[in-house]
Ligand SMILES: O=c1ccn([C@@H]2O[C@H](COP(=O)(O)OP(=O)(O)O[C@H]3O[C@H](CO)[C@@H](O)[C@H](O)[C@H]3O)[C@@H](O)[C@H]2O)c(=O)[nH]1
Ligand SMILES: [Mn+2]
């Protein structure tokens, strides 16, 4: 069923498609009633237990699982998606009325984030189908790296031929590293002689750019003799003044020239907190406010690229397409991955949140996921939906000073944005006239005494600044929208090794949990602010990931404890209640399998998600929990550790550095000495000990006399132990693996000691 959300005679720019969700709802309700039956059973039979501890613990864990299930059912109840029609855009809006867009790309480390990847992000954005005199690209470099700057300068030279080439032949993929990969041949698009020649020229030029950057990366300083690079010499990345350089300027405002391109490395000093990515985004917001002040801002991480040249037009369909369009704060495109490892072996490609995300979309709107998102500047500046309906909305200079800080230029531009008066033409055409002002607002003490990071801009206080910032926006009553065009709007890379994926997972869960302890707690915002209740549940669901390990670890310990002590936490197989537990298990798995299949996940992917769901919860999430606890106690702070971006080049240019052996083993878990995996190893070991214990006992049962004696041993508990082993199968292999595929001996030793301690504690509790 489609709803036309725009009253107009011309066909709508976007449609919200509501999906039938009845089957899923029915299954979810059945599962919920089984879970509730389990709880009732626990209460009713509590008195009859000779050991209360396992029973009580099981009850607590199961209550949590039930609560979590209720949360997810509430979130997923309604399912909808948005479809956009860029081909109808020009019927509705004149091209001259398209808004200006400031594009932000962030990079932080030229080693972890190969410059050539960042440059491809830049190229793909410079080449989008949109009047280029309305665009400005800002590259924020938290690494203060002359290499990044050098790469940008060289990239802009290449862009001057690349962008016209893309537009002339309507190239679909405008990030050259993807366009020139071995699969694409020039014949695919056009076999004309002219095209063939241009194609070859482009490929050669890109190869040269690649080589230049590669060679520069090997040198301590990319380009000694050029005075432009002088400013970088002797600087340390965490202690240096602001560097802002206008690399390319479209002074004439020619719609066919390149957009303005501006390099920024904000001031850093060990005396001042820099707030990681959120801090970088706020500097971008301020610098662009002073220089170009576009009403829309697009933010893209350096590991993503625009994969669909029409992405801006799709975004405009959302900007102009909704009824009450003024109430929409941001327009998100999903994060999808190219060359992701097959079947998502580390469970970090997030396909399993498809229904959760669609469910949230049908409330107040999708969450902001940190990249691929168009923001309205006035919303980032702290306004609320009702502010704009007040026609006389003005903000006095004193308030502007308190909110936005000392810079007169910034206050003036902010006032323009908030009152929605015409954008300043002089800013637009020559950003280089505003370098002084831009340097001022990029200084590391600029934010003191202002609202930046608190009410305005990207919010501080969580390593997932994205969720927190989006939550703040929804909390003021704004809505948001997401659309997923074909081909996908943006593609990026997911961490390709287990340690880096674990690090990323830990950071996410840490940040999500931190949100609960800020003034943007979702429950608080529903009570005091304008956050919708179901939307709050959505945020709560993510925030509580850090709490899961407590219950999952306890539940995974229970079978071992019971086997070792000869007690029970599950009904025996001849009890009818056994069926309830079996029902919960079977229906849960079939349901998640069916969900996965509906979005086209392979069986293997489904299994990897199940498996890594348990493994990540009991390792990374536990550490995230502990980390936030330490922060709350004031003992340590949380940090944003940048993830390593995998860069495999499959150019013909002979730039590939793949190791054959490694690609065969891609997806296999590798281990380092980090203690994060230890809880997982301990859980595995105690369940192994328990199983050996029960096998030994099984051999002593006299089957001829009483085969039910086996039941007495607790088949349910044994089954659970086996499940733990299966979920942690990779760790089991890691115990015996060698090299990087083996769990380090010291980790095994420490975990072994903990496991023995546990077994001893169980024995003592007899
Ligand atoms: O001090 C910093 C740290 C990071 N970044 C940039 O932040 C982006 C995201 O970092 P990355 O290491 O790629 O983290 P991911 O876990 O892949 O990022 C996801 O999770 C983040 C935190 O939730 C979001 O900000 C991202 O948009 C989202 O893609 C990159 O462009 C970095 O260059 C900075 O600019 N400054
Ligand atoms: Mn990333």
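Residue numbers in this text run from 1 along the chain shown.
From the backbone N, Cα and C atoms, a Cβ is placed for every residue, glycine too.
Annotations in TrEMBL come from automatic prediction, not curation.
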Which of these ranges is annotated transmembrane segment in TrEMBL: 559-576, 577-594, 595-612? 577-594
Rounded to a whole angstrom, what is the C-alpha distance between residue 277 (Mn(2+) binding site) and residue 142 (active site)? 9
List the Cα distance (Å, whole number) between residue 113 (UDP-alpha-D-glucose binding site) and residue 466 (active site). 20
Cβ density check for residue 466 (active site), other Cβ within 10 Å (all protein chains) comes to 24
Rounded to a whole angstrom, what is the C-alpha distance between residue 466 (active site) and residue 301 (Mn(2+) binding site)? 12
C-alpha of residue 301 (Mn(2+) binding site) to C-alpha of residue 142 (active site): distance in Å? 12
Residue 277 (Mn(2+) binding site) has how many other Cβ neighbours within 10 Å of its own Cβ? 23
